[in-house]
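Undergrad: Take a look at what TrEMBL says about it:
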TRANSMEM  25-43  transmembrane segment
DOMAIN    84-276  domain 'Reticulon'
TRANSMEM  98-121  transmembrane segment
TRANSMEM  202-228  transmembrane segment
Amino acid sequence: MSKLGAIGRHFTSLLSFLLRITLKLLWNVALVVSVGITVYTIGDYTWRIIKERKPVEMGKASRPRYSNGTATKWVPATDFYGRVLDIIYWRDPKKSGVALALILLALILFAKFSFISLLAYTSLAVLGGTLGFRIFKLVEGRVKNTDGSNPFKPYLEQEVTVPQDRVHAQVDVLVEHAQLVATQLRRLFLVEHLVDSVKFALLLWTLTYVGAWFSGLALIIIFVLGVFSIPKFYEVYKEPVDHYLDLARENVEKVNHIIEEKVPFLKRQQEVKKEQ
């Protein structure tokens, strides 16, 4: 009887071990599939938002800025949008390197100290510098018998103005983006299309793992590094990247077509076209 009990315990342990291994394997496979679908879903949603956007008229920075129609000489941008693009695309490596280093330094400081502490100490440092310089000019004026006027007087006399047209333009762009996001979230949460809502659920499920693996600050650092690397990489290797993206898009469309054929109730409802 004891031998049968020992055999039963070993068999139960082996069965439990195989069950745990199987569940862990299925869990990892589901996670990998979810990540793949999430990447495709993000690209799909982004492409839809881009297509639904109204064309926004940009400045001179939206066009190539090279002399004589060739890519031999780069011309710096004059507007804010173009300057940001110049930094992201490393047109001037010194400025881009300094901007990236300052952003990463600021993020590291935010990781070490609280925002209120950093704001207070930075303000104290600036105020200490200006106050010390002001006192120095007063003492210098007494010694040299000068008026000892405020050295910051030219800056104090300047009026602080905010261009209303630019503010309204930026607000209009933000409102447009907010409306697009709200429309997308409404159709996803209210299950306008079952397939899209299932993809969105997989995206949210994957984000739970992302939140467990990375902190918010780590995600911001990864985002900053991506902003300073992915656009330049795409600009340099645009043709091969587009080629492989087209291949991936074709394969994903084939898989979606197969799934829709195998599971007909997941197929999107075709919208009835209005007669013109």
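Cβ atoms are placed via backbone N, Cα and C, with glycine included.
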Undergrad: Take the transmembrane segment (98-121) and find every residue of the same chain, 6 or more past its ends, with a Cβ under 8 Å from one of its Cβ atoms.
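TA: Long-range Cβ neighbours of the transmembrane segment (98-121): 87, 217, 220-221, 224, 228.
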Undergrad: Taking only the residues in the domain 'Reticulon' (84-276), give me the average pLDDT of this model.
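TA: Computed over the domain 'Reticulon' (84-276), the mean pLDDT is 83 on the 0 to 100 scale.
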